[in-house]
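**Student:** Once you've had a glance at the structure underneath, I'll fire off some questions.
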Amino acid sequence: MDSSTSLLPPLGSIILACEGLTSLVPLILSVLVCLVATVTISPTLLAYFNDPFELRAYPGPFLAKFTSAWISWIISQNRWSETVDLMHRQHGPIVRLSPDHVSVASPAAFAAVYGHSSGALKAPFYNAFANFKTRSIFNTRDRAEHSRKRRVEAHMFSPRSIRALEDTARVHFQVLVRQWDALCAPTGKTGRGSAEGTLGTISWKVHGDRVWFDCMPWFNFWSFDTISDLAFGRPFGMLEAAKGSAHVSKSNTKSVQAVSQDTSHSDEAQSELLEIPAMEVLSELLDFTVALAYLPAWVQPVFGRLPMFRDGYDAAPKLANLSLTAVANRVASQTDRADMLSELLRGRDEEGKPYGLEELSTEAELLIIAGGDTTANTSCATAYYIARDLQIQAKLQAELDVALDGVESDVAPYDAVKDLPYLDAVINEGLRLHSTIGAGLPRVVPSGGMTVLGQHLKEGTVVSSPIYTLHRNEAVWGKNACEFYPERWLEASADAKKEMMQSFAPFSMGPRACLGRSLALQQLHILLATIFHRYSLVLENNAPAQLPLRDGFARKPMKCIVGVQRRK
């Protein structure tokens, strides 16, 4: 026998050894499962019995006492706001949502948690929203950093700055009107004479004297094009194409080089483009992020790679690239055009420092998220309520007919509609019943604790107060709190109106309130006035009693089929 061969173990010995190991596999797996369970469950049970935040006395779902997985599961099922509201109806104004988190529901509680004197900071929940290393004004948890950003960005959303952008925004209202006019032509679409068809990605059909289509995508096309033009100097082109896609650079590196004003790469970055379904990407990313945000930080990367979260996980770099490409295109244009990015480029903090590449990119991404989705959601929901009640629609149209009599433009001028009592009431009611974010956004109780509704919450406790429940409080809004009733804003006494305003927070309140409030209100006034002055909208006979929603981070309408007709 060869000497080298004699050094090898006999084949039979190897087989026996392998068989021995194979027989141990079930035991090894059992040990591993026990170890994982011990590592996962032991701290949970220990925290429950130690009760470090003294929350055991507060009612809530059984699983919520032990784990944040309960609230994450509810969010992943698109039932966040409504489920928390149900918990409050069952258990009262204070409900436990996780081992360290309570939800408090009342006007006084909302002010205590989010008001200027609160002292509470944003919770670790917001860490999940960081798509860049540098935080945005939305997801930063540092008070000093937020104050610095607010000083730089507040001017961008001042009433004067917003009014200066009205002419730019008007273009996209005009495109929306042109597209809807084409759909409303006698044949349903210009010259075809067909009873049904498609315009871009939107299916339509003619039935009776109306054209029927889903209006939700149109509101998204409009809002994405408007914010991209106002922020970056050019629209994504969704309205013209009737398609929810945008073009991004194939290379993040080239986008970064362009944003860094390395002009040798600017043309190259713009020429190599990839089309992505931007609207879908944004929805997937928000659903993915908020579903994981309440889980422990070490769990999030693991869960993020599960098949059920794959689309959301893949959406993050796509949205980052969308913001990088938008900034790169704007920088490469070298225009002196006044827009939001020019305000960010000129902005300086108290030390005279401008925003760097990372900060520009993360704030650009926030503009796309906030401007591309939130106003569209509220617009669609409000249109749904108006189309559902033809008496409300007729009353609104009568007011608009007087206010816009003699106006030649197809688009309602803001000055002509900004102070119309019934339109204001309709918009307020839409924001009340369908504030884009209905859930309570979490804060951390500061040093020294916090007293809410007579209960002392210890330092480090996570606390939130849900807008959805605040806006449906029957003690304030009456027995018809869940109904769309604009007249409540006109019929209330001075004292009742004051109480209503204290319970009305569609843009939140305090130092972290939405900076884009003025822009959102301007856009809502122009959009709803333009649509309902020009068109009549109705719902299908078999329309759902409630607008179907994805109730995650944003309360996003899934579909809203309307029959549209040009008014005579």
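Including glycine, each Cβ sits where the backbone N, Cα and C put it.
This is the feature table in Swiss-Prot:
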BINDING   CYS514  heme binding site
CARBOHYD  ASN321  N-linked glycosylation site
CARBOHYD  ASN377  N-linked glycosylation site
TRANSMEM  21-41  transmembrane segment
**Student:** Kindly assign CYS514 (heme binding site) to one of the three DSSP-derived states: helix, strand or coil.
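**Tutor:** Its secondary structure by DSSP: coil.
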**Student:** Across all the protein chains here, work out how many other Cβ atoms are within 10 Å of the Cβ of the residue listed as 'heme binding site'.
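**Tutor:** Result for the residue listed as 'heme binding site': 19 other Cβ atoms within 10 Å.
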**Student:** Using the alpha carbons only, what distance in Å do you get between CYS514 (heme binding site) and ASN377 (N-linked glycosylation site) once rounded?
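**Tutor:** Cα-Cα distance, CYS514 (heme binding site) to ASN377 (N-linked glycosylation site): 16 Å.
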**Student:** Between ASN377 (N-linked glycosylation site) and ASN321 (N-linked glycosylation site), what C-alpha distance do you get in Å?
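**Tutor:** The separation of the Cα atoms works out to 24 Å.
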**Student:** Give the helix, strand or coil assignment DSSP yields for ASN321 (N-linked glycosylation site).
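**Tutor:** The residue in question, ASN321 (N-linked glycosylation site), is helix (DSSP, three-state).
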**Student:** When you measure from the Cβ of ASN321 (N-linked glycosylation site), how many other Cβ atoms are you left with inside 10 Å?
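**Tutor:** So the number of other Cβ atoms within 10 Å of ASN321 (N-linked glycosylation site) is 22.
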